[in-house]
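The annotation S-adenosyl-L-methionine binding site is assigned in Swiss-Prot to Tyr37, Gly61, Cys62, Ser63, Asn131, Arg198 on the grounds of sequence analysis.
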Amino acid sequence: MNIDKIFENPSNLRSFEFNNDVCKVFDDMVSRSVPGYHNIQDIISLTYDEFSQNRVFIDVGCSTGTTIAKILSENQVNYCYGIDISESMLAIAQEKCGEHESLVTFKNCNLLNGTDNVINSEKVPDFIILNLVLQFIRPPERKKFITNIKSLCSSSTLMLVFEKIIFNDAEINMKYIDSYLKWKGKNGYSESEVSNKRKALENKLIPYLHEENIELFKSSGFNSVEICFSFLNFRGYLCRC
């Protein structure tokens, strides 16, 4: 696994994007930047196994395909879809899932622009994965994004979402941010790396309040929303129609 050293260099202080350099180190970056990341992978795989009836799922923002590869290796899967806007990410995902290539289709597309020809009508998913994706979608477009994804799936779809959040209480919010930054330091990032990445993510990663996420999911057609993961300022949501 390539080690993330992107933000060691101050010259990389530009707006964050999932370019080729980020893709090369993404697996290391996300495991050292998201508290409980490996637990999140376990939750996704176990929840899929319990809830998916069709045994067909769609991972939107699949990045390097880690989640897809895990589900394929641990569960019965009839088919799955990996969607991402980064061709570099998808190239890695295809290689990672190579031994299961007959069971997966990868698509380079932005579902905000439409959903034509994304899935096979005979292989309809009933399980949606949105792992740390919505926070990178502009707030006014999030409901449309979810609605478009939901339109691809069966009427009994379950959606699993993981997001970074903010808190109503300003003091609690700042203390949890400080705790999160300390946690990243314990994972080998220097203070300058943490600071540089934080600046690069400004106006790119926009977290919602917990209550805003609940309202978003319910207004998008999910009647039941439950918490399935909580660690510092990260939450997991189990959303059911």
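Just so it is clear, glycine is given a Cβ too, placed from its N, Cα and C backbone atoms.
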Including all protein chains shown, what's the count of other C-beta atoms within 10 A of the C-beta of Tyr37 (S-adenosyl-L-methionine binding site)?
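Neighbour count, Cβ to Cβ under the 10 Å cut-off: 18.
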Whole number in angstrom, please: the longest C-alpha to C-alpha distance across Tyr37, Gly61, Cys62, Ser63, Asn131, Arg198 for S-adenosyl-L-methionine.
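Spelled out: the longest distance between any two Cα atoms in Tyr37, Gly61, Cys62, Ser63, Asn131, Arg198 is 23 Å.
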Most Cβ neighbours within 10 Å: which of the binding-site residues Ser63, Arg198 is it?
Ser63
